[in-house]
Amino acid sequence: MHIDNAITTTIETKTWRKSDTTWTLGLFGTAIGAGVLFFPIRAGFGGLIPILIMLVLAYPIAFLCHRALARLCLSGSNCSGNITETVEEHFGKTGGVVITFLYFFAICPLLWIYGVTITNTFMTFWENQLQLAPLNRGVVALALLLLMAVVIYFGKDLMVKVMSFLVFPFIACLVLISLSLIPYWNASVIEQVDLSQISLLGHDGILVTVWLGISIMVFSFNFSPIVSSFVVSKREEYEPEFGREYTEKKCSQIISRASILMVAVVMFFAFSCLFTLSPQNMAEAKAQNIPVLSYLANHFSSMAGSRSTFSITLEYAASLIALVAIFKSFFGHYLGTLEGLNGLVIKFGYKGDKTKISSGKLNLISMFFIMGSTWLVAYINPNILDLIEAMGAPIIASLLCLLPMYAIHKLPSLARFRGRPENYFVTIVGLLTIFNIVYKLL
């Protein structure tokens, strides 16, 4: 596959600024959240061969899809215009409404997913690590959501600071856990590879496993919510001095490096989990509807014979890190969901007039809807991977893959990017992810 020269000799002779490093880490940190804790389950579900194929696809999916979205954001005439303003400029007010809906429905299902996840993670920690009697699911979900609602309502600024602070400790913990699992690696996943029994088609075939894995990669390797802000920042910094073409290449360079970091950390974590567990263990984790760290904690707690202090520490650390990761991701996506829902309420409930309702009342109304719907989904307890594949990933793909490809096909300002092989790749990734909805209904 051809990936055009985003990193050119000219760009390499320019100074790499501190702000470029900051944004590289910012994009990287945005993507590394609770979604990563489910990727090893889907990736390892089919054994070694599908995850090796996903390893090959991971960087192109992460880099090319986000670069396409960045190019759309760069196509607006206003350096300070965000993606909504850019889409409105190109496609009118209807386009602005569509992008507002897409943003809201791309983020809100993620909150539902995290609501289910944090409830299940807390309950399995309570029952397996603390060895306490089972609790009522509805009460647990309500208590956890009320706790987060109180933190959000009374300490938004503190929440943002804590959330930002937790990004890199969480990444460090993922790397440390991946390294810590090495002594527990085994060859079972390799021994189970039987080339004579490999099936390409069918429900458990390699093609279907990789297809569903692409959806989880789109979900897990996703920093699209921050791409618009990133592009605006880089345009304001570079475009007046070096021009738009250079700014586009600089954005591509930063996205490329962030994608490399992200793929390296997530794939190492996935392989470490797979070599510690087995495809059968991954199937159990999916059936139990818990993230892989919670399953690892339960796995270590059920080990026969005498256990080392290290394995006991890892058992508790895995559960606590999972809880922190989900809290972090929930808070981050809550802010985006609140902003999107507030925009929809003002646009359709008050005809765009912000003066007709106070911000406090608007936030309270939106909070009741968000928390109420999240509690209901958490209580019902749908399978998280199925929810990701049927709702979260397809909506993200429509925004991350298909919208930029449509813009490149239609807009004169993006005409120079037409006809490139990577466009077909991004389009296929988007369509495959969306077609998961049809597959889930069959």
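The count begins at 1 with the first shown residue.
Glycine residues also receive a Cβ, built from the backbone N, Cα and C atoms like all the rest.
Per Swiss-Prot, these features apply:
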- 21-41: transmembrane segment (TRANSMEM)
- 44-64: transmembrane segment (TRANSMEM)
- 96-116: transmembrane segment (TRANSMEM)
- 139-159: transmembrane segment (TRANSMEM)
- 162-182: transmembrane segment (TRANSMEM)
- 206-226: transmembrane segment (TRANSMEM)
- 258-278: transmembrane segment (TRANSMEM)
- 312-332: transmembrane segment (TRANSMEM)
- 364-384: transmembrane segment (TRANSMEM)
- 388-408: transmembrane segment (TRANSMEM)
- 422-442: transmembrane segment (TRANSMEM)
Determine whether the transmembrane segment (96-116) and the transmembrane segment (364-384) share at least three Cβ pairs under 8 Å, counting only pairs 6 or more apart in sequence.
yes
Short question: most Cβ pairs under 8 Å with the transmembrane segment (162-182), which of 44-64, 312-332, 422-442?
312-332
Excluding the flanking five residues on each side, which residues at least 6 beyond the ends of the transmembrane segment (364-384) place their CB within less than 8 Å of a CB in that stretch?
38, 108, 111-120, 137-138, 141-142, 145-146, 149, 152-153, 286, 289, 334, 337-338, 341-342, 345
Count, for each of 139-159, 206-226, 258-278, 312-332, 422-442, the Cβ pairs lying under 8 Å from the transmembrane segment (44-64), and report the range with the highest count.
206-226
Might you confirm whether the transmembrane segment (206-226) is in contact with the transmembrane segment (422-442), defined here as three or more C-beta pairs under 8 A between residues 6 or more apart in sequence?
yes
With Cβ-Cβ distances below 8 Å as the criterion, list the same-chain residues six or more beyond the ends of the transmembrane segment (312-332) that contact it, or say none.
30, 33-37, 110-111, 114-115, 117-118, 121-122, 124-125, 129, 148, 151-152, 159, 163, 166-167, 170, 173-174, 177, 180, 291, 293-294, 296-297, 300-301
